[in-house]
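**Student:** First, the structure itself, so that you have it in front of you.
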Amino acid sequence: MIIFTATLIIILAYFLGSISGSILICKTLHFKDPRQHGSKNPGTTNILRIINYKIAIFVLLFDSLKGAVPIWLGTYFHIDPIYLYIIAISACIGHIYPIYFQFYGGKGVATAFGALTAISINFFIIIIITWILTVYLFRYASLGSIVTFIVITFYVWYIQYHHFEYIILLSLIILSQHKNNIKRLWNHQEKHIWNR
């Protein structure tokens, strides 16, 4: 029964993750389509650049909840922790490859943030401190995300966090979505967080 419940939540997490906060909010409020403007990435940073910080905050909260809600649901049904990590991965894959938007989505950072925060407050603290500090020092949102998930990877490996391999897999998925950002950072072509 637990395995059946976990499987249903894993599937639900993908479909929930596929709902794009930026596209939905922009359509509802009649703002420009983030897929057609700026970096053309339907994520929080692009919304910050092409619209404003208030809408970006709503998108961040929406996309974070997509990761958190399935985890909370799994916790409510007392499923094994290993399934919680699979649920987190499923939600992020839904965000990155959304079935509702021709499998073209964001990078999964906010959704991963929500999922990991729902799993442990320690992840919340690490992510917030690392991201804010990195962006404050270097002014690149993408670098903040890259450094954050590298730190998460080493953290769970170093302390041998239970089922840490799933969290490392999640981090690698997020990092793989930043390959173009890494190239631009290397070539000094990446835009600062506030640059349009």
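Glycine is no exception: its Cβ is also placed from the backbone N, Cα and C atoms.
Annotation source Swiss-Prot lists transmembrane segment at 1-21, 55-75, 81-101, 118-138, 140-160.
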**Student:** Residues sitting near the transmembrane segment (81-101): Cβ under 8 Å, six or more positions beyond its termini, same chain?
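**Tutor:** For the transmembrane segment (81-101), the list is 6, 9-11, 13-20, 23, 35, 42, 63, 66-67, 70-71, 74-75, 107-108, 110-112, 114-116, 119, 162-163, 166-167, 169-170, 173-174, 177.
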**Student:** Given a Cβ distance threshold of under 8 angstroms, which distant residues of the chain, six or more beyond its ends, lie next to the transmembrane segment (118-138)?
**Tutor:** 67-68, 71-72, 75, 84-85, 88, 144-145, 147-148, 151-152, 155, 193
